[in-house]
Amino acid sequence: MKPGSLTLRLSLLFVVAVAAVLIIVGVAFNELSRHHFRALDAQALGEKLEAITQIAKESGANPELLKARWHTLLGAHPDLSAVFLKTDGTPFFAEPPQSAVPSLAQATQRDGVWEWEKEGRMFRALTASVSLPTASPPLTAWLVLDVTTHMHFFAMLERWFWGVLLASTVLSAALGWLVAKNGLRPVARVTQTAASMSAGSLKERIPLEPVPDELRALITAFNSMLGRLDDSFMRLSNFSADIAHELRTPISNLRTHTEVILAKKRAPEVYEENLSSNLEELNRLSGIIDGMLFLAKSDNGLIVPEAVELDLRTVISKLFGYYEFLAEDKGIQLQASGNASIFADSVMIDRVVSNLLSNALRYTSSGETIKVSIHDHGGRVELRLENPGPEIVPQHLDRIFDRFYRVDPARREGRECGAGASDCPVLDASAWRHYLVYIPRGPNDLHPHLHAIACPTNLTCRPDSLGTAKPGHTRLGEHETGCHCAG
C-alpha cells in the first residue's frame, strides 16, 4: 500500500481518533478512581477519629480504660495505626505499640489528608486534636492508613489499560482499513469509468445513482467536463474537416486547370489566362490561410493591439464607401447616425465591422435598409448594426462563434471560408474585451439586429467599455472582460 493512499490516511486517522478517545477516557477514569479512593480513605479515617473522640469522652478519668477501649477499636484494623502525643511530644498511646510519628518531609496534603510513599508502600494520614475528660492538655492524634493495596490496584489497572489500548489500536487499524476500503468503493468505480473513457466514448456519463452525497458534486463536475470535452472534440473534428474541405477546393481547381493547360500545347494568351486564374485561386487560398493564422494567433494571445484614437463615424463612412457598389447592386440602402471617439486597434475594428457589414448585405433583402448607429453613453460607446432578417433557430445560438459553422450542413461554394463571427472573439484576445452580443428571439424584439456569421441570422454586437471615458471619447482597455453571447 502506498504511503500516500487515501485508504491508509483514513485508517491512520481512525486509529488516532480511537486511541485519543481511549486515552482521554482512561486518564479520566484513572483520576476519578483515585479521587474516589482518596475520599473513601478520608471518610474511613474521619469515622475512626470520631469514634476515638467519643471513647475519650465516655471513659472518664481512667487512662487505662481509655487505652483498652482504643486498643479494641484500632486492633481490629491491621492496615490502620494510631499515635497519640502529649504536648511535649512524648507518646501517650500507640497502636500497634511500635508505631511512630510519620515523617512529613515528602508528604503532600490533598483534601485535608496527608499522603506519602515509604519503602514501596503508600500511606494516608489524618491528624486532629483529642481532648480528655481530665484537665490535662489535649492530645495530638495521628491516624495512619496503609493504602498500598490501592497503589497495586492502580498499577494493575494501568497495565491493563495500556494492553487494551494496544489491542484496540491494532483492531481499530484493521477495522478502519476495511471501513475506508468499503467507503471508497464509489471512488474506485468512478476511477474505472473515467479510465475506460476515450475519444470515442466521451458521450458516456458517470451515473449519479447509487453515489454518496459527498461524491455527487465531483461526479457532476466530471460529467460537465466530459460534456465540454465532447463538444470541444466535435468542434475540433469538424474544424479539421472544414479546413481540409476549404483548402481542397482551391488546390483542386489549381491542379485541374494546370492539367488541362498542360495536356497539349497552347497559345501564350491561354497560358497567361490560366496563370491569372491560378493567381486568383492562390490569392483565395492565401486569404484562407491568413485568416486561420490570424485566428490561431488570437487564440494564443499573440496579437498585440495598437490602440489609437478612432472616430467611429469616419470608420463607418470608409467602410460604407467600400461596400457602396455592392449595396447599390442589391438595392440596399446604407444609413449611419451618431458619432463617438474610442481608443482601439483600427485593424481590429475595421475587420469586425467589415465582416458584420458583409454578412448583413448577404442576407438583407432588396429594398431594405441596413442601419449603423453610434451612441456615446459617457462611460461607454455602443455600436449598433440593424438589418431585417430571419430568426435564428435556438439550437444554433451556442454555435454562432464556431469557425466554419453554417446553419445549412450542406457544403456550398463561395468566397467565404466561414470564419465569420469568430472575428468577434478575436477582440477579446486583442484586449478590447467587453463585446456583448444580443440575439433577438423574434421580429418584434426591441433589441437592434446585426448579422455576425455567414448564415441567415439576427444579432446585436455592442462593444462596451468598463473604463473611464475621457472627454469626447471612450477607452476600451485592459480592465474589460469577456465576450458574451446571450439570448
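A Cβ is built for glycine as well, from the same backbone N, Cα and C atoms used for every other residue.
Taken from Swiss-Prot, the feature topological domain 'Periplasmic' covers 1-9, and the record attributes it to sequence analysis. Along the topological domain 'Periplasmic' (1-9), the predicted structure has mean pLDDT 69.
As annotated by Swiss-Prot, transmembrane segment applies to 10-30 (among others), with the evidence given as sequence analysis.
Look at Swiss-Prot and you will find 31-136 (among others) tagged as topological domain 'Cytoplasmic'.
Taken from Swiss-Prot, the feature transmembrane segment covers 137-157 (among others), and the record attributes it to sequence analysis. Note on the transmembrane segment (137-157): residues 30, 33-34, 37, 41, 44-45, 48-49, 52, 79-87, 92-93, 99, 101-102, 117, 120-131 of its chain, located 6 or more positions outside it, place their CB under 8 angstroms from a CB of the stretch.
Per Swiss-Prot, transmembrane segment is recorded for 160-180 (among others), and the stated evidence type is sequence analysis.
Residues annotated as domain 'HAMP' in Swiss-Prot: 181-234.
Annotated topological domain 'Cytoplasmic' per Swiss-Prot: 181-487 (among others), in sequence order, evidence recorded as sequence analysis.
The domain 'Histidine kinase' annotation in Swiss-Prot covers 242-455.
Within 10 Å of the Cβ of His245 (phosphohistidine) there are 13 other Cβ atoms, across all protein chains. Look at His245 (phosphohistidine): DSSP puts it in a helix. The annotation phosphohistidine is assigned in Swiss-Prot to His245 on the grounds of sequence analysis.
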